[in-house]
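K.L.:
Found this in TrEMBL, in case it helps:
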type	residues	note
COMPBIAS	16-31	compositional bias 'Basic and acidic residues'
COMPBIAS	96-109	compositional bias 'Low complexity'
COMPBIAS	110-119	compositional bias 'Basic and acidic residues'
COMPBIAS	134-145	compositional bias 'Basic residues'
COMPBIAS	186-203	compositional bias 'Basic and acidic residues'
DOMAIN	17-43	domain 'WIBG Mago-binding'
REGION	1-159	region 'Disordered'
REGION	179-203	region 'Disordered'
Amino acid sequence: MPSQPTKSGIVTDEASGERHIPESVRADGSTRKAIKIRPGYRPPEDIEVYKNPAAESFRTRGKGPPPGSEGLKDEPKPAASASANKNAKRREAARNKAQAAAAAGASAKAPEKAPEKAPEPVVEELDSEVEKAKKARNLKKKLRQVKSLQEKQEEGAALLPEQLAKVLKINELIRELDALGFDSEGEPKNKEADPTKDKTADD
């Protein structure tokens, strides 16, 4: 039994496997003889033309639905099993229980502020005295350096710009020492006059 003819009209005999184009009648009534086709030959009409998908989609753009929407279908979600529903309910109950316990614990155990300790003025006074003494030592050291530079300048030695700037700050250092209770030599001032000296002066 012959197969269906191809685009070129070739028919394959299923029993023998031979291929041929069957005879046909021309328009003028004459008969066209059958043509045998050699094995393995494929006429150009039967060769499929390669189609580039990108070029094909470019040619058919705007003529159909958006690309990729054809495969989308509203598939119904599968119904959850009984065990899944049971596990979901357990998780929800455990979550609610944990939230309730956390809220109760937070309300019951309100953080109590520790009573603030009164500041210790004695320690602060000691710290301020230590800081004052430390600052005074640094100022005395700077003052000694500046005085030595001033002596060099008076002797006629050339000073660098940085050294001249230090010499100009001598009055500022003396004022800072005075504010801390020290004289220009860096010695502590006597706040109260010596009573023995007053007596000798009166005598």
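Don't overthink the numbers, they just go from 1 along the chain as shown.
Keep in mind that glycine also has a Cβ here, set from the backbone N, Cα and C atoms.
Help me picture where these features are in the structure shown.
P.N.:
When Cβ-Cβ distances below 8 Å are used as the criterion, the compositional bias 'Basic and acidic residues' (16-31) is approached by residues 2, 5, 8-10, 37, 39 of the same chain, each at least six residues removed from its ends.
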K.L.:
Can you count helix, strand and coil residues in the compositional bias 'Basic and acidic residues' (16-31) using DSSP?
P.N.:
0 helix, 6 strand, 10 coil
